[in-house]
Amino acid sequence: MKRSMYAGRVREEHIGTTITLKGWVSRRRDLGGLIFIDLRDREGVMQLVINPEEVSSDVMATAERLRSEYVIEVEGFVEARQQANDKLATGMVELKVSALTILNTAKTTPFEIKDDVEVSDDTRLRYRYLDLRRPEMLENFKLRAKVTHSIRNYLDDLEFIDVETPMLTKSTPEGARDYLVPSRVSQGHFYALPQSPQITKQLLMNAGFDRYYQIVKCFRDEDLRGDRQPEFTQVDLETSFLSEQEIQDIVEGMIAKVMKETKEIDVTLPLPRMSYDVAMNSYGSDKPDTRFEMLLQDLTVTVKGIDFKVFSEAPAVKAIVVKGNADRYSRKDIDKLTEFAKQFGAKGLAWVKVTDGQLAGPVAKFLTAIETELSSQLKLAENDLVLFVADTLEVANNTLGALRNRIAKDLDMIDQSQFNFLWVVDWPMFEWSEEEGRYMSAHHPFTLPTPESAHELEGDLAKVRAIAYDIVLNGYELGGGSLRINQKEMQERMFKALGFTADEANDQFGFLLEAMDYGFPPHGGLAIGLDRFVMLLAGKDNIREVIAFPKNNKASDPMTQAPSLVSENQLEELSLQIESHD
């Protein structure tokens with residue numbers, strides 16, 4: 001029989017009609033001789049009623065065999081439900097079954113197919129096809145489909161061209177580790193799976209495509225966390241002849257359209273803008289969460305003259321004030337915050353509380369001389385908690401920024417219904433890497449430096465600024481972009497500043513440098529993390545919830561057991577040997 005409609009879409013207007021439904025048995029109940037079945041499909045659940053006095057003995061026998069997750073086909077008459085269920089969209093109606101067929105049986109599932117089920121993440125991933133049956137998960141992927149549909153329509157209307165770029169590319173040394181693919185034909189040579197289509201999309205601008213986009217899979221072999229996966233999807237854009245402001249206007253329009261069509265939220269444009277320096281100094285993060293205050297305060301000058309060398313001799317002393325919540329933090333709680341602070345390089349965490357109008361705590365005695373000035377600068381009030389970090393400016397900012405976010409979550413200070421977008425602009429071109437012992441690109445080596453700072457490529461790299469911009473949502477980097485270098489001489493200077501010899505630059509990027517000999521236009525773009533965007537719209541805290549078949553924190557798939565060993569024959573074809581490192 002042909003399905004008439006989805007079970008979750010049956011409504012009062014269908015009363016009096018005979019329909020055919022197909023789906024899964026969510027629940028079966030036997031009450032007073034009647035059998036009640038909750039039939040589930042992707043659109044929801046509908047109650048079926050099987051009355052032994054109104055169906056054949058075969059139908060009744062089939063109904064008695066039903067168990068959870070059996071796949072069935074039913075035909076019946078839609079009636080008004082005697083006792084409505086306001087919790088279901090179909091709660092005003094039920095189906096009086098006249099015919100019933102079992103299409104497939106099911107073993108007892110390892111967990112219940114329902115929302116808020118308590119089960120380990122690895123079990124969910126091991127049986128992902130069952131996990132995805134849960135209504136909450138289905139809603140996540142309907143939302144994801146709406147977002148991608150909205151984005152495609154918006155960019156198509158602006159005459160962007162959707163172009164697929166290669167999945168097998170050249171490995172480059174900048175950025176995260178590549179996933180490498182050995183070549184069978186060119187033995188000893190490797191492809192890399194793309195971390196992004198950065199260079200190929202720039203070459204499309206050289207080809208005259210003018211406006212490119214792609215919703216594309218990317219790959220990075222990096223340590224995983226809640227908002228990262230080894231393979232992820234990004235909305236990739238590139239344009240020619242536009243300024244950074246024009247590119248940002250396009251992206252803002254796209255964001256506003258998505259928010260209106262998926263959340264019915266009107267986003268006020270233009271979005272707020274914040275410099276990188278303000279973000280780091282006031283929020284302790286280059287992706288500030290602006291849904292709450294608790295800004296970082298610089299006390300370096302204020303504490304210079306006090307008799308406490310930890311403060312007076314530190315390169316920087318900064319603090320955050322936890323307003324009106326000092327009584328929520330015992331010494332044991334603050335010890336836990338101190339251990340947390342050490343993860344970000346801090347040597348410790350100093351603190352005082354405002355109790356009975358006075359400062360109290362381990363360092364209060366050192367602050368007596370400046371108590372009035374300190375209270376005024378920090379706008380202190382009764383029951384405030386002040387947390388200090390004395391260290392380098394970088395460590396102080398990073399530590400207090402992380403503490404700020406943790407405390408806001410602990411104290412439930414964040415309005416989860418808010419969506420605060422902003423641009424972070426005026427980025428440094430380079431970041432110092434302690435691990436590498438050199439400057440690295442803050443974004444990538446194809447970013448255009450500002451005209452005012454480009455001369456420092458041969459001088460102080462810390463002073464070089466980039467024409468770069470990140471879009472931030474609720475403390476997450478949603479995407480990043482920049483204007484790109486289109487002049488060969490500037491690109492060669494950039495590679496040299498990053499420590500490449502001319503031969504190394506030519507070996508890695510010679511094809512790009514050669515392309516710059518053939519009229520490369522001014523261009524720029526941006527990429528937005530689609531998984532992360534949908535995660536935030538869905539109110540989740542892990543992108544696994546919006547990726548159909550994700551990996552776990554070990555970059556493994558418990559369902560397929562990937563990555564897995566391969567046969568000796570496969571290795572021989574690729575001229576590879578596996579060495580044991582016991």
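From the backbone N, Cα and C atoms, a Cβ is placed for every residue, glycine too.
Because the structure is a prediction, the values reported are computed rather than measured.
Sequence-distant neighbours of His443 (L-aspartate binding site) (same chain, 6+ apart, CB under 8 A from its CB) are Trp427, Ala466, Ala468, Gly480, Ser482. The L-aspartate binding site annotation in Swiss-Prot covers Glu174, Arg220, His443, Arg484.
According to Swiss-Prot, the ATP binding site annotation covers Arg220, Asp221, Glu222, Gln229, Glu477, Gly529, Leu530, Asp531, Arg532. The number of other Cβ atoms within 10 Å of the Cβ belonging to Leu530 (ATP binding site), over all protein chains shown, comes to 25.
The region 'Aspartate' feature in Swiss-Prot is assigned to 198-201; the stated evidence is sequence analysis. Note on the region 'Aspartate' (198-201): residues 163, 165-166, 169, 212, 214, 236, 238, 444, 446, 509, 512, 525 of its chain, located 6 or more positions outside it, place their CB under 8 angstroms from a CB of the stretch.
Taking CA atoms as the reference points, Arg220 (L-aspartate binding site) and Arg532 (ATP binding site) are 15 Å apart.
For Glu477 (ATP binding site), the count of additional Cβ atoms within 10 Å of its Cβ stands at 17 [all protein chains shown]. Of all the Cβ atoms in the protein chains shown, 23 others lie within 10 Å of the Cβ of Arg532 (ATP binding site). Candidate binding-site residues: Arg220, Arg484. Fewest other C-beta atoms within 10 angstroms, Arg220.
Long-range Cβ neighbours of Glu222 (ATP binding site) (same chain, at least 6 residues apart, Cβ-Cβ under 8 Å): Ala176, Arg177, Arg228, Pro230.
For the recorded site, Arg484 (L-aspartate binding site), the DSSP three-state label reads strand.
Confidence for the region 'Aspartate' (198-201), expressed as mean pLDDT, is 97. When the binding-site residues Glu477, Leu530, Arg532 are ranked by how far their Cα is from the Cα of Arg484 (L-aspartate binding site), Glu477 comes first.
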